[in-house]
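Features reported for this protein in TrEMBL:
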DOMAIN    181-243  domain 'Transient receptor ion channel'
REPEAT    73-99  repeat 'ANK'
TRANSMEM  340-360  transmembrane segment
TRANSMEM  372-393  transmembrane segment
TRANSMEM  449-471  transmembrane segment
TRANSMEM  552-571  transmembrane segment
TRANSMEM  592-613  transmembrane segment
TRANSMEM  633-652  transmembrane segment
Amino acid sequence: MFTDSNPGTPQRRYSVDNALGASMSSLAEASDRILHEKQFLLSAERGDIGSVRKLLELAKTPGTLNINCVDPLGRSALHIAVENENIEMIELLLDNNIETGDAILYAIGEENVEAVEIILEHLEKIEKFNPETQGVEINEHSAFTPDITPIILAAHKDNYECIKLFLDKKATIPHPHDVRCCCKDCLHAKSEDSLCLSRSRINAYRALASPSLICLSAKDPILYAFELSYELRRLSYIENEFRSEYQELSQKCQKFSVNMLDQVRGSKELEIVLNHTTNAWEEVTQRKSLHLCHQLARLKLAVQLRQKRFVAHPNCQQLLAAIFYEGIPGFRNRHIVFKVLFIICVSISFPILSIVYIAAPKSSIAEFTRKPFIKFLCHSASYCFFLFLLILASQRINYDNIFRGSSTTQTADLDPDRKERRGPPPTPVEWAILAWVIGRMVIDILKFFLVYCLVLFAFACGLNQLMWYYAAMRQQECEQYKIMSNDPYLSRNPTKQMKSFEESCDPKYRSCASLYKSMETLFWSSFGLIGLENLDIVEQHGPTQWTGRTIFGSYCCCSIIVLLNMLIAMMSNSYENIYSRSYLMHATYSRILTACSLFNTVETLFWAMFGLIDLSHFALKEPHSITEWTGKTIFGSYSCCSIIVLLNMLIAMMSNSFQYISVSYSVLSRFHLKFTLIA
């Protein structure tokens, strides 16, 4: 190209004029194109098919109109037509090969099934549809995130027709990886944007929890809802930031399973749902299994996965109540007097029923004993009877005056020094307790062969407890010997005391004593737990019992300490006379040290919150009334403040819990009732 170095020459002026003319023409073309695009979008907004068709014909000329233009809101003509539900406009635009982008997502958001079908057919026609992305192209103008696919959005909307449409096209929703997954993709996603990964996981689970998707894709909808609900509840405790979202989805899955149970129309269908085997219908209709309703595999799984609303459903309640009161027709409708008399008669006759059950297991009485309600009464009566025996054993009744001439008295007469060495021989009550303990051991051994590893672990824990009790009693015997050696009153005959101590080391004696004390303590613990579970079945208690359960769960650690204190109290009761003098000296010395130092003062104030410190601990050795009055006044002020603080803390903790309990106590009581019966 020829150029002149002098800008004033005619050649240079000619080139500048040409450039200005070209730029003016380009500006005019751009202005015309912008004007045509505005007319195009406005015509699409108004639904003017004729104007849009003319502009589309004009767009065939290069540079005159961009049919993929967007308005300030980022909407193309196809998006506008989808929002206006103008099917004719959508077909016209697609026939002219307009870019679909994420228009199918807008159609799903508007729940316009016809528009979704048209766009889906167009995507298949141009071969852009695949099961992974389903033909969606996310750009900077899109209102959706890249993890949102058409089937996920349809599941969010719970649109049955759209979900079925995509499932027919082999579209799938991949199950999210575990939150603790360390694969390459998860690590890369966490390093780039952890929030985006968490939100995409929530979006996927929200889609998987769609009732329509579960019905269309799951082979076993109720089982799938159980597992998904349990998984979502587990994730709510792992990802605390999104706990409310996960818990909401978990409740949604529970609601779906309950709605499925509402569709049951008869007892046969209910038995199939609660058992659900591959041939459940044949077993129910042909009655191949007479005890099919007793298996309840699906209901046991619901209890295991904490599906409370499913278990508390009236249909389940009716079937379980019929199973529980089987063999006693019309018992719940009888008069209260008949119920009380029946329960008393069965409870009193439980030894006879047990003997007949063991001696003749196929007899009619044994079959009657196998009924769930009768079995429950026998177990309860057995525990109550054992509690009565323990109460008798703790009263230290002189059985020599009651059973005169018995073998116990004769044995004591033959060996008068036995009481000093090992205590009196076993009483009839202790023999009865021993028989009950042996029976419990037999039951535990039978359970050992049934549940294998779990019972093996429990048995190992029991052995550990027995060894602990043995060590505690061994230490107590050593302390007893030390006190007997140092006390002049008890050491008048040191040879005899030494002999008694050596004979007390007899392994048989130590084992029996440890076994008795351990079984006694374990019984009280188990009885307390059984009493707590039995409270759950009383629905009339309402929120009160659940408030008590909440408090009990908050102070479970304190209950363990209380049980240990009960153990120490029962074991030291037999040595009260031996430790009386030593305890008196120690108590006097402890009261002197109540507030002698900062550590002792803090310790005293701590135990004062539990009511273990009285005013006698503030008495001084020398009479100082003003000092004592000042200390008692300060202690009283501290007690008032601590009580007020503890009450406020209790009220604050119980306010939300009580509100939740007052709404759902009926479901909770029914769930724990069935949990107790099934267990």
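The backbone N, Cα and C atoms fix where each Cβ goes, glycine too.
TrEMBL annotations: computationally assigned, not manually curated.
Remember, predicted model here, so these are calculated numbers, not experimental data.
Secondary structure of the repeat 'ANK' (73-99) per DSSP (helix as H, G, I; strand as E, B; remaining residues coil): 16 helix, 0 strand, 11 coil. Sequence-remote contacts of a segment are chain residues at least 6 beyond its ends whose Cβ falls under 8 Å from one of its Cβ atoms, and for the transmembrane segment (340-360) they are 328, 331, 334, 366, 368-370, 374, 377-378, 380-382, 384-385. In terms of DSSP secondary structure, the domain 'Transient receptor ion channel' (181-243) contains 53 helix, 0 strand, 10 coil.
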